[in-house]
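Down below is the structure, laid out as structure tokens.
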Amino acid sequence: MVAIDLGASSGRVMLASYYPGQQQLTLREVCRFTNQIKSIDGSDVWDIDAIEQSIREGLSQLDSEGIALDSIGIDSWGVDFVLLDKQGKRIGQPVSYRDSRTQGVMARAQQTLGSNAIYRRTGIQFLPFNTLYQLRALSEQQPHLLADVAHLLLIPDYLHYRLTGQLNWEYTNASTTQLLNIETGDWDSDLLAYAGVPAHWFAKPGKPGNTIGYWHSANGQQVPVVAVATHDTASAVLAAPLIDADAAYLSSGTWSLMGFESGTPLTHQQAQCSNITNEGGAEGRYRVLKNIMGLWLLQRATDELQIDDLPQLIEQAARQPACRSLINPNDSRFINPPNMCREIQNACREHQFPVPNTAAQLARCIFDSLAMLYRQVAQELATLRGRPISHLHIVGGGCQNQFLNQLCADACGLNVSMGPVEASTLGNIGSQLISLGEVADVTHYRRIVANNFPLHHLSPHDNSDFAAHWLQFQSLSQLPKELCI
């Protein structure tokens, strides 16, 4: 089986082999490639052709090796999309969610439709780049494009289409758009109308697990292409070895997503005021979670400072005074500033914290601030569920940053387990194995993952200065009142 896992900064083609007798699961990285935002005609866009080419090269390599493939699946980040014309050809490049075209659009939607009405319909966190606001911006700013559009496909659906020629709309990723009605599981006609787009661009989203079509290889293979849980976080959660019903997960990468699984969505006012999202998951579950800006801040800062030795930077950051400077990582100013280091420094200056000037000080500011935000979100989630979190499972690339994860354990006061690193890839494979009938269900698959990919564990440390630091952070991170209206 092949899992193609696309993140906001890189992509990978991974080969998985499963031996049912021993319930052994192995992964092999076929290729890894960078995925970066490009500026074209004043817009920040994804180079979707380069992504597709890298995927095809990985698949062709496996085909040339004579490896018989059972299935293929693709997962990616959410909310971004590709427009197709009536001939099935792409219209322009897909614009990145970090593009500035949506500035002010969400606030106008909240005023016009009411935050309460939008949230009750969708159960989705208010983020300025949700597809709802991207489409409203498109219809306001480039209405001439709309007449040529026949279909809108989210990123993994588009790439599945390119491999098979078949259109598909997968549910877990569709749920991130803030266009899906949480009661019906279908596109909300009133929100589509507000976005300025017709319903015939879409079909009702399907649950993960169906075969979309087939990829025909140069050597004659006809490989089923499976609609996995195509949102990368949905796949990551599918592979998270949650130990009990009170455990929570933190999918840690470019974004950090903290939450828990629920059989029902939480769309009451307390969830809305906490800006909690209810995204679709496997087996009809909901991923009740919150998006946190995550390691994007560090990625941008290290790029600007031209730092390649990340372990050394983390070691230097660990020697800096704790919580000397704090920011709110979820402040919209950090979505895509011209200069991240300068933006962090300005935020510290404005809130009368010492300005971090060295790379180590900047990194420590980011790590401390993320840990504080993890604590805040963990408390919000526990309050919403009505019982404390028993354990936190950190999955994804951020598993490898043990210093940040120890800060998280300390701030949250929770025992933490770390792993698997390739959680999105493994969740992608899990959807394929369940679809193929090789694995019974998600619970069974999580046992397989836990047995094949050992976890690492951390316990919280006491910190006598923590209470004062926590009060300082709380003053930075109050949610806007308009979310509750």
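The backbone N, Cα and C atoms fix where each Cβ goes, glycine too.
Counting only residues at least six positions away in the same chain, the Cβ atoms of ASP5, LEU6, GLY7, ASP75, SER76, TRP77, GLY78, SER424 sit under 8 Å from the Cβ of ASP232 (active site, proton acceptor). Swiss-Prot lists ASP232 with the feature active site, proton acceptor, giving sequence analysis as the kind of evidence.
The annotation ATP binding site is assigned in Swiss-Prot to ALA8, SER9, SER10, GLY11, ARG12, THR254, GLN299, GLY397 on the grounds of sequence analysis. The Cβ neighbour count for GLY11 (ATP binding site), using a 10 Å radius and every protein chain shown, is 21. In the three-state DSSP assignment, the secondary structure recorded for GLY11 (ATP binding site) is strand.
Residues or ranges marked as substrate binding site in Swiss-Prot (evidence: sequence analysis): GLY78, HIS231, ASP232, THR233, ASN291. Within the same chain, residues at least six positions away from THR233 (substrate binding site) with a Cβ under 8 Å of its Cβ are GLY78, SER251, TRP255, LEU257, GLU279, ARG287, LEU289, SER424.
For CYS348-CYS365 (among others), the entry in Swiss-Prot reads disulfide bond, with the evidence type sequence analysis. Neighbour count (other Cβ atoms within 10 Å of the Cβ, all protein chains): 21 for CYS348 (disulfide bond).
The Cβ of CYS412 (disulfide bond) has 24 neighbouring Cβ atoms from other residues within 10 Å, across all protein chains displayed. In the three-state DSSP scheme, CYS412 (disulfide bond) falls into the helix class. Annotated disulfide bond per Swiss-Prot: CYS408-CYS412 (among others), in sequence order, evidence recorded as sequence analysis.
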Whole-number Å value for how far CYS365 (disulfide bond) lies from SER10 (ATP binding site) (Cα to Cα): 25
Residue from HIS231, CYS348, CYS365, CYS408 whose C-alpha is spatially nearest that of ARG12 (ATP binding site), among the recorded positions: HIS231
Sparsest Cβ surroundings (other CB atoms within 10 Å) among the binding-site residues GLY78, GLY397: GLY397
Around the Cβ of HIS231 (substrate binding site), the count of other Cβ atoms that are within 10 Å: 31
Fewest other Cβ within 10 angstroms of its own Cβ, chosen from the binding-site residues SER9, THR254, ASN291: SER9
Cβ-based neighbourhood (8 Å from the centroid) of the substrate site, residues GLY78, HIS231, ASP232, THR233, ASN291 excluded: TRP77, ASN173, THR176, ALA234, SER251, TRP255, LEU257, GLU279
